[in-house]
Amino acid sequence: MAGGVLVASTNGRQYEGKVTMFVLVTCLVAAMGGLLFGYDLGITGGVTSMEPFLVKFFPGVYKQMKDESGHESQYCKFDNELLTLFTSSLYLAALIASFFASTTTRMLGRKASMFAGGLFFLIGALLNGFAVNIEMLIIGRLLLGFGVGYCNQSVPVYLSEMAPAKIRGALNMGFQMMITIGILGANIINYFTSNLESGWRISLGIGAVPAILLCIGSFFLGDTPNSMIERGQKEGAKKMLQKIRGIDNVDEEFQDLIDASEEAKKVKHPWKNITQLRYRPQLTFCSLIPFFQQLTGINVIMFYAPVLFKTLGFGNNASLMSAVITGGVNVLATFVSIFTVDKFGRKILFLEGGVQMFICQIIVGSMIAIKFGVSGEGSFTHIEANLLLFFICLYVSAFAWSWGPLGWLVPSEICSLEVRSAGQATNVAVNMLFTFFIAQVFLTMLCHLKFGLFFFFAGFVLIMTIFIVMFFPETNNVPIEEMNKVWKSHWFWTKFVPDGVVDQDHKAAA
């Protein structure tokens, strides 16, 4: 399959090439790394609402949940430190793993990191499925975290380097699409296993399936030309570039990749280098975008959806089905971003999504405040519950076509080769740090902030939307190696980028 000639637009370097079936299949296989992260996000909340699981590992939570004495408000039913540690330990492990993954990705290639991530996740899923005590459960979670850390570090970079600039956004968003499919698949599995005595074992153990698929798939993937050049395999890199572009004449793009690699080799300490003033735009966005992404509050909905819906008075099956519905909306809305990100650009999706999320969170918070108040006593009628679910779905859809996929796309495409591994590791580390933080404190925050929790996240959505308006330049259709031109032309970031850096880009394009 081949499309027309691809160009990078007037903002950047033009390269000939076709949209080949090889690059589409390659990116699809690599994007399966997102299934691991998505499956875990979706499975955890459902499992932690299953009574047999709570009875075996968290009897205190089960007793508290069944307490009808009125001592506990609806907001505080699931507030338990050990339960939140089970959920959040994965993200702490992923944070630590991202730094090791950065070195692996740079020295051994992107596909080696993807294989390592799949292997870690496979072992962790099996340990969780066969767990007989809390220690085994937590160790399994930590290994799952190492798998997520390796995959989240390597897959977005792999996709951005393999894809032609013209459709880089759409192909990179395959990672987010797989995350959403993983969440939906997990929610469906939870729904059908929730009434089984050992249903939680099935739910946790099936996580081994996407891990096996990734391990097998990574054997058949080729590494990116950027990575091969970085490791001195220039001849193989040129052949791979010809294969993924579908043409023989790739001399211009290949020379630009070599020039970028030569510049990168001058950098002996990428972690130290990314803190230099000239890389301030990259460091800022690789840090703040994942920070803001988590403070949209989305993971509260994703991995605590069944618990949250149960807290708000939905029955057990109803809460799991509501999670399936939100997961389905998440998948469908991600298609919107895939088909629009390269047509309308990144910035407009950021802004529209931010406005829609803000409005929905204010409405959801207000509905909960009216019905439950500060005391946490109350319930929704059937119509009110459906209306609440509708606005939560609107919120999820806004995230799914904006901050969800763009949170992985933008950091992976803005860093030049010499700081790319460090930049992506920073992105993953910050993402996992605040995912850990939100997972660890959410149930406690719900207990104390009550309906105000939704206003808390709405405030951050307002702040991040203003940040995008002021400081984010459009990166659509700009080749990765020429991103410095974008920073140099921006009213704020121009002061950080030396003129010589942009001049080098022009020489490489000459």
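We count from 1, first residue shown onward.
Just so it is clear, glycine is given a Cβ too, placed from its N, Cα and C backbone atoms.
Quantities reported herein were computed from a predicted structural model and do not represent experimental measurements.
Sequence annotations record features per position, and here TrEMBL assigns domain 'Major facilitator superfamily (MFS) profile' to 26-476.
Summarising the annotation, TrEMBL assigns transmembrane segment to 19-39 (among others). Counting same-chain residues at least six beyond the ends of the transmembrane segment (19-39), those with a Cβ under 8 angstroms from any Cβ of the stretch are 1-3, 6, 111, 114, 117-118, 121, 144, 147-148, 151-152, 154-155, 158-159, 162-164, 167, 171, 174-186, 206-207, 210-211, 213-214, 217-218, 220-222, 243-246.
Summarising the annotation, TrEMBL assigns transmembrane segment to 82-101 (among others). Outside the transmembrane segment (82-101), and at least 6 residues removed from its termini, the chain residues within Cβ reach (under 8 Å) are 40, 44-45, 48, 57-58, 60-61, 113, 116-117, 120, 134, 137-138, 141-150, 152-154, 303-304, 425, 428-429, 432-433, 435-437, 439-444.
Annotated transmembrane segment per TrEMBL: 113-132 (among others), in sequence order.
Positions annotated as transmembrane segment by TrEMBL: 138-159 (among others). With a cut-off of 8 Å between Cβ atoms, the residues of this chain six or more beyond the transmembrane segment (138-159) that come close are 27, 30-31, 33-34, 36-37, 40, 85-86, 89-98, 100-102, 104-105, 110-111, 113-114, 116-128, 131, 168, 171-172, 174-175, 204, 207, 211, 214, 224, 408-409, 411-412, 420-421, 424-425, 427-428, 431-432.
Same-chain neighbours of the transmembrane segment (171-193): 23-24, 27-28, 30-43, 46-47, 50, 155-156, 159-160, 162-163, 199-200, 202-203, 206, 210, 302, 305-306, 317, 320-321, 323-324, 326-328, 330-331, 334-335, 337-338, 341, 400, 404-405, 408-409, 412-413, counting only residues six or more beyond its ends whose CB sits under 8 Å from a CB of the stretch. The transmembrane segment annotation in TrEMBL covers 171-193 (among others).
If one looks beyond the transmembrane segment (199-221) by at least 6 residues along the same chain, the residues whose Cβ comes under 8 Å of a Cβ in the stretch are 26, 29-30, 32-33, 35-36, 39-40, 43, 46-47, 50, 52-53, 111, 114-115, 117-119, 121-122, 124-126, 128-131, 140, 144, 147, 151, 182, 186, 189-190, 193. The transmembrane segment annotation in TrEMBL covers 199-221 (among others).
Residues or ranges marked as transmembrane segment by TrEMBL: 283-307 (among others).
Residues or ranges marked as transmembrane segment by TrEMBL: 319-341 (among others).
Among the features that TrEMBL reports, transmembrane segment is placed at 348-368 (among others). Under 8 Å from some Cβ of the transmembrane segment (348-368) lie the Cβ atoms of residues 296-297, 312, 337, 340-341, 384, 387-388, 391-392, 394-395, 397-399, 401-403, 406, 450-455, 457-458, 461-462, 464-465, 468-469, 472, all in the same chain and six or more residues away from its ends.
Sequence-distant contacts of the transmembrane segment (388-410) (same chain, six or more residues past either end, CB-CB distance under 8 Å): 152, 156, 160, 168-169, 172-173, 175-177, 179-180, 285, 289-290, 292-293, 296, 298, 301, 309, 312, 322, 325-326, 329-334, 336-338, 340-341, 346, 349-350, 352-354, 356-357, 360-361, 363-364, 367-368, 380, 427, 431, 464, 475. Per TrEMBL, the feature transmembrane segment maps to 388-410 (among others).
Look at TrEMBL and you will find 422-445 (among others) tagged as transmembrane segment.
Residues or ranges marked as transmembrane segment by TrEMBL: 451-472 (among others). Long-range contacts of the transmembrane segment (451-472) within the same chain, counting only residues at least 6 positions beyond its ends with a Cβ under 8 Å from a Cβ of the stretch, are 284-285, 288, 292, 295-297, 300, 346-347, 350-351, 354-355, 357-358, 361-362, 364-366, 368-369, 372-373, 403, 442, 445, 490, 492-493.
Using a Cβ-Cβ cut-off under 8 Å and counting only residues 6 or more beyond its ends in the same chain, the transmembrane segment (319-341) has close neighbours at 42, 45-46, 49, 169-170, 173-174, 176-177, 180-181, 183-184, 186-188, 190-191, 194, 301-302, 305-310, 349, 389, 392-393, 396-402, 404-406, 409, 476.
Across the domain 'Major facilitator superfamily (MFS) profile' (26-476), the prediction's mean pLDDT works out to 84.
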